[in-house]
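A short worksheet on the structure shown next.
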Amino acid sequence: MRSDNQSIWGDPLKDFILLGVSDRPWLELPLFVVLLVSYVLAMLGNISIILVSRLDPQLHSPMYIFLSHLSFLDLCYTTTTVPQMLVNMGSSSKTISYSGCTVQYAIFHWLGCTECIILAAMALDRYVAICEPLRYTIIMHRPLCQQLVAVAWLSGFGNSLVQVVLTVQLPFCGRQVLNNFFCEVPAMIKLSCTDTAVNDTTLAVLVAFFVLVPLALILLSYGFIVRAVFRIQSSKGRHKAFGTCSSHVVVVSLFYLPAIYMYLQPPSSYSQEQGKFISLFYSIITPTLNPFIYTLRNKDVKGALRRLLARIWRFCIR
């Protein structure tokens, strides 16, 4: 028989408790400061990337179409999770409503799968730019880029919808305590008091598809890129070719390594203690670093930022 806090369709559910670092109270203040500063930097950095990609005519190439969507994804990532973390760290209750928790993990998984495909599309763009430079504008035309972006967003939404439909049917018994900073599907499955074989299998299959297939395409693209680069006679040409890909490689590594560790393991062996800090890394640190990785290593973006700041300055001193 299900208790009052087990039903999702008729009976009321209690709020979830997000422990965060409440077992280490001395960490809360420094972590609060780090999260607040990182959130501000993530907002400023990603908004700047979106603005220069949209406003500067020199950044209307396919690469920057994908980059602006990546920055928008990172904005949504941080906004979905960090404000709730800051509120909980600044209070003693550390709770989130059931509906708020559902919305949080639904959006989080939507964005995660979308980012996997966007990163694969960016790798395809780099492959065409380096391996097929004379046909680049013909192959990577604007409608194709828009179609790839649409596929990314719709695929991510479909994955999230399946995860939400399966997860909201799980009963939760006893105290609904998540040893995490925010709500995620593996932690929710771990918390359930019923047989979760269907959820475990579905999560494993979907994550394997949305993580490993794009990753395989990325690795394949860079395999062809490396082969093409080593055929370039000029060392300067090789350095320039590698330079156009280095930022994307770093971003892919920062995104995929934690995701593989987190999701390519059975939820039954999921460690909430380890998972919560890895979740913290890819929910705030990676979105904060991404815009700086692209600006520090990209002359076009740095030039566009300088032109944007100059326009803002001229507008302000009028």
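All positions are counted from 1 along the displayed chain.
Using N, Cα and C of the backbone, Cβ positions are placed for all residues, glycine too.
What TrEMBL records for 29-52 (among others) is transmembrane segment.
The domain 'G-protein coupled receptors family 1 profile' annotation in TrEMBL covers 45-294.
Tertiary proximity for the transmembrane segment (64-87) is limited to same-chain residues at least six positions away from its ends with a CB under 8 Å from its CB atoms, namely 18, 20, 32, 35-36, 38-39, 42-43, 45-47, 49-50, 53-54, 96, 100, 104, 107-108, 111, 114-115, 118-119, 121-122, 125, 142, 145-146, 148-149, 152, 181-182, 251, 283-284, 286-288, 290-291, 294. Taken from TrEMBL, the feature transmembrane segment covers 64-87 (among others).
As annotated by TrEMBL, transmembrane segment applies to 107-128 (among others). For the transmembrane segment (107-128), the residues of the chain that approach it from at least six positions outside its boundaries are 62-63, 66-67, 69-70, 73, 76-77, 80-81, 135-136, 139-140, 145, 148-149, 151-153, 155-157, 159-160, 163, 182-185, 206, 210-211, 214-215, 217-218, 221-222, 224-225, 244-245, 248, 251-252, 255-256, 259, 283, judged by C-beta separation under 8 angstroms.
Taken from TrEMBL, the feature transmembrane segment covers 148-172 (among others).
Residues of the same chain lying 6 or more positions beyond the ends of the transmembrane segment (204-230) and with a Cβ under 8 Å from any Cβ of it are 112-113, 116-117, 119-120, 123-124, 126-127, 130-131, 155-156, 159, 162-163, 238, 241-242, 245, 249, 252, 256, 259-260, 263-264, 266. Annotation source TrEMBL lists transmembrane segment at 204-230 (among others).
Feature annotation from TrEMBL assigns transmembrane segment to 242-264 (among others).
For 276-296 (among others), the entry in TrEMBL reads transmembrane segment.
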Whole-number mean of pLDDT values that fall within the domain 'G-protein coupled receptors family 1 profile' (45-294): 83
